[in-house]
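Annotated in TrEMBL:
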type: TRANSMEM; residues: B:12-29; note: transmembrane segment
type: BINDING; residues: B:22, B:23, B:27, B:214, B:246, B:365, B:369; note: Na(+) binding site
type: TRANSMEM; residues: B:41-60; note: transmembrane segment
type: TRANSMEM; residues: B:80-102; note: transmembrane segment
type: TRANSMEM; residues: B:171-188; note: transmembrane segment
type: TRANSMEM; residues: B:208-228; note: transmembrane segment
type: TRANSMEM; residues: B:240-261; note: transmembrane segment
type: TRANSMEM; residues: B:356-378; note: transmembrane segment
type: TRANSMEM; residues: B:426-449; note: transmembrane segment
type: TRANSMEM; residues: B:470-494; note: transmembrane segment
type: TRANSMEM; residues: B:514-538; note: transmembrane segment
């Protein structure tokens, strides 16, 4: 009698948890990819931990606080490591709706990942999308700050150059009107003493020779 | 006598200015591409032969003309013959087109440079989609670097017809780029000197073209630079130095670019293998870590025989990973600079440092070439007495920068990249060939080769070797005519022109036809510079007729 009951229970369980069954989810772990040498082997103890984590997640859903580890069924464990799981209600006849399981897993995804030292990519719940962490956006984009700095430097440099150009031209315009030779000589000496000719374009002593104008007539007409 | 012409502080400054102008982005992103397409190292043969036969003689010619005439391109050719000043005008027009679109590249380089100071680099990760459950769809289909280029930087529209609005971010960067250029040219050009398959006929043509455009002949920049030289400086030596340095920079850049290609190809190949392994592992529930690169083929064979139905289901998704096919993908232009290089950089250690260095280098190259370009435009303007008597140097430079910046805003709209490609492909190519051809013929036959030679001898104190004379009078013009005929026939034969448009839904480029008004714009681009030559000649002829008619009764 007991044997019959046992077979009945396992038969029902087998029906409830099947690949592609209603409310069943496939889980895929890539332990070696994640941990390399420190990879642990997947055995029944790890399965027990998994069932415990799923039960824990379900307990956080309102109205499902009575979920026990025995309500979580695993099946079809492969070498990959991958398997299917369902969560049954306390009567063990029906499976809990997929939406509730999805919600529970999504809310506690981080805790489940940490229990197995894995992350969203190496512990995959197919059909349960994970919420990705958005990139941290500072209030002012960094590039505008750098742009602003360089922009200001360039504007300041342009203004300085323009102002010094205007000042230079004003000085050049004032010079022919200066009668003071001594000051002229002083200025000359200063420029030569420095060794750098400050104003090679200065035409203080130059005159415009009108005889050489009119470049139109430089060539004889054809 | 006119006001003394400003001079370079020393010959080294002039050489550096020329190098900085000649060594530009083309050395980095066009030459390595050509090497790859035309047989790698063997492309160097047509390239070097064309350098010696075409590049150096024409460079020497332009420098000598500038140094002898001591004026910008318009004045220099007016001195040779008043009917030919149209050549100078055409040069200025082409330089103006170039200035408009070339600075957009600097704007993009600034954009990437400013974005390099983040961790992680913004083009290394895809942004999340609306409900945060996965990555943005367009980014998944393409790659994160392509997404950042096409969506975040350009915000490109699906075709050239859909213009969209001006994007404020690239517009700001373009404004900054023009301000930097203005800062450098503010005081005039003298302040810009800075401490730049053999049997396949296409290989030869591309070698000739590359040398031609790489040296920047025909824009008037070299004439402008040389016009600020002392008459006695040795322009023959300078020409050889500049062209050699330009070519060695190209070759050096190809070595670097090829190693980047190799790095990217290896990385993508290993990624591809990893994806295929993961797909097979998940489909057949194999043990994690069982599939490696070495046993992949074996296992594929085994699976195909053991589970034929399941294997045939998953077969279409299995890509054939091949290192050769990765290495064969050659890209040139903005695609190379902003997609391939950024993809390689994002996979390196300390990627922020490499990114900053790389985009800083691009900026230096781009701005150096821009300075030469603006010199080509400004020198004739400041030479002309009408303009320079009314406005100071700073105002003329400011005006040119402002106008170019304003028109350049077109390239920051959503369809801007398509217009950029139009300018890049058509604004300079045919017109420059014609300009340089007319230049050579003008100097050799209108001015007279003997007269030019004696001028040079008087100026520099050195005789002109027979080699240069043969090249100037015969070989180079013939080569240019050949190139010209080839390009014309190529354009005519290919029929309607096509362009590559970015399709957001597919995440890749698709080929489309240009609409009628774009074709008209292309025609206008080419015509507006080439027609200057005959139009100005005609105008001068008419003016002289009128003047002679007026002068006759008075005399």
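Including glycine, each Cβ sits where the backbone N, Cα and C put it.
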So are the transmembrane segment (B:514-538) and the transmembrane segment (B:426-449) touching or not, going by 3+ C-beta pairs under 8 A with a sequence gap of 6 or more?
yes
For residue B:214 (Na(+) binding site): DSSP state (helix, strand, coil):
helix
Restricting to the same chain and to residues at least six past its boundaries, which positions have a Cβ under 8 Å from a Cβ of the transmembrane segment (B:41-60)?
34-35, 197-198, 203-204, 206-208, 210-212, 214-215, 217, 222, 235-236, 239-240, 242-243, 247, 251, 436, 440, 468, 471-472, 475-476, 479-480
Report, as numbers and ranges, every residue of the chain located at least six residues beyond the transmembrane segment (B:240-261) whose Cβ falls under 8 Å of a Cβ in that stretch; write 'none' if there are none.
15, 18-19, 22-23, 27-29, 31-32, 35-36, 44, 47-48, 51, 55-56, 59-60, 196, 210-211, 214-215, 327, 330, 336, 340-341, 344
Check for me, if you would, whether the transmembrane segment (B:12-29) reaches the transmembrane segment (B:470-494) - at least 3 Cβ pairs under 8 Å, residues 6 or more apart in sequence.
no
Using a Cβ cut-off of under 8 Å, list the residues of the same chain at least 6 residues beyond the transmembrane segment (B:171-188) that approach it.
6, 103-104, 106-108, 110-111, 114, 367, 370-371, 374-375, 378, 382, 393-394, 397-398, 401-402, 404-405, 408-409, 411-412
Under DSSP, is residue B:246 (Na(+) binding site) helix, strand or coil?
helix
Can you see whether the transmembrane segment (B:426-449) and the transmembrane segment (B:356-378) are touching - at least 3 CB pairs under 8 angstroms, only pairs 6 or more apart in sequence?
no
According to DSSP, does residue B:369 (Na(+) binding site) sit in a helix, a strand, or coil?
helix
Lowest local Cβ density (other Cβ within 10 Å) among binding-site residues: B:27, B:369:
B:27
Where residue B:23 (Na(+) binding site) sits in the secondary structure, as DSSP reduces it to three classes:
coil
What are the sequence-distant neighbours of residue B:365 (Na(+) binding site), meaning same chain, six or more residues apart, C-beta distance under 8 angstroms?
B:23, B:24, B:25, B:27, B:28
Cβ neighbour count within 10 Å of residue B:214 (Na(+) binding site):
23
Cβ neighbour count (within 10 Å, all chains shown) around residue B:22 (Na(+) binding site):
27
